[in-house]
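Undergrad: Quick paste of what Swiss-Prot says about this protein:
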- 7-46: repeat 'WD 1' (REPEAT)
- S29: phosphoserine (MOD_RES)
- 51-92: repeat 'WD 2' (REPEAT)
- 97-138: repeat 'WD 3' (REPEAT)
- 143-196: repeat 'WD 4' (REPEAT)
- 203-246: repeat 'WD 5' (REPEAT)
- 253-292: repeat 'WD 6' (REPEAT)
Amino acid sequence: MTTVDTQHDDMIHDAILDYYGKRLATCSSDQTIKVFSIENNQQTLLETLRGHSGPVWQLGWAHPKFGTILASASYDGHVIVWRETGGVWSELMDHTAHQASVNAVSWAPHEYGALLACASSDGKVSVLEFKDDGSCDTRIFTAHEPGCNAVCWSPPSLSGSVVGQSPAAGPKKLATAGCDNLVKIWAFDAGVNNWILEDTLAGHVDWTRDVAWAPSVGLTKTYLASASQDKNVFIWTKEGDGPWQKTPLTEEKFPDIAWRVSWSLSGNILAVSCGDNKVYLFKESQNKWQLLNELSN
């Protein structure tokens, strides 16, 4: 385990490695983003990005095929897309369509193109599509009236791709988590050129804080995890065109709010970040989820 001294002056809200695992970006209530080189257990601060006027909640690296690009979501209602060229960082775009805190950003799988989804406390989700000519199309829709806390993309194939084969991109889908206690599934409809509600997943009894779609490599069904202020994590599964099935991750509630959920790259291990300052790792075995480990400071 490597410890990184971020030198932030306030609480850290997100830390994310790039595609190659060699750069770490962190963000904080001090309104800054820091980018580090992480190699051979050595950390080097490469840049401190300043542009937000409020806490920065979440970050997202774009796929490297689009360049060295980082998106940041802030309480100030802005999403800033940063680009590094020749070692110099600059603002590529300042997205100002939202009327309240932007709580989450998520880049689409690269098979879908350079697409960025943003979730806001104004209840809306915006999807930015960056074009090769430098232009950007924006679509915005109301996802959760009381506020939207998280957004994630479906993997490029939802049918359980065969290992070794390149999955078809398939239809574009999003999952969102909101202050209405719901998880919603959205599909892009080219006919109306916007996002259409496909499914509503009810089960939590307090705000849903995060949602994460499992990678589909080698899996025979679709897995989706949701984390909630009600101290529960649910696993939602779907086979083919069948209905979504809900399974509690644990028999007992977590000791505190379940803030974040994250799948391993292979989709077989789920990490849960909890308000008790621990990260819990789970793996499915014989249709039951078993605790593998607890990580704490």
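Each residue, glycine too, has its Cβ placed from N, Cα and C.
Could you give the neighbours, burial and distances for every feature on this list?
TA: Beyond the ends of the repeat 'WD 1' (7-46), by six or more residues, the same chain brings 52-61, 63-64, 68, 70, 72, 74, 82, 84, 89 to within a C-beta distance below 8 angstroms of the stretch.
Sequence-distant contacts (6 or more apart, same chain, Cβ under 8 Å) of S29 (phosphoserine) comprise D10, M11, H13, P55, V56.
With helix defined as DSSP H, G or I and strand as E or B, the repeat 'WD 2' (51-92) counts 3 helix, 25 strand, 14 coil.
Here the repeat 'WD 3' (97-138) has long-range neighbours at 54, 57-63, 65-66, 71-79, 81, 144-153, 155-156, 167, 169, 172, 174, 176-179, 186, 195, meaning same-chain residues at least 6 beyond its ends whose C-beta is under 8 angstroms from one of its own.
Averaged over the repeat 'WD 4' (143-196), the predicted model has a pLDDT of 84.
Remote same-chain partners of the repeat 'WD 5' (203-246), defined as residues 6 or more beyond its termini with a Cβ less than 8 Å from a stretch Cβ, comprise 149-163, 167, 175-179, 181-183, 253-263, 265-267, 270, 272-273, 289.
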Undergrad: Who are the chain neighbours of the repeat 'WD 2' (51-92) in space, where the CB to CB distance is under 8 Å and they lie at least 6 residues beyond its ends?
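TA: Hits for the repeat 'WD 2' (51-92): 10-11, 13-14, 16-20, 23, 25-29, 31-33, 35, 98-107, 109-110, 114, 116, 118-120, 128, 130.
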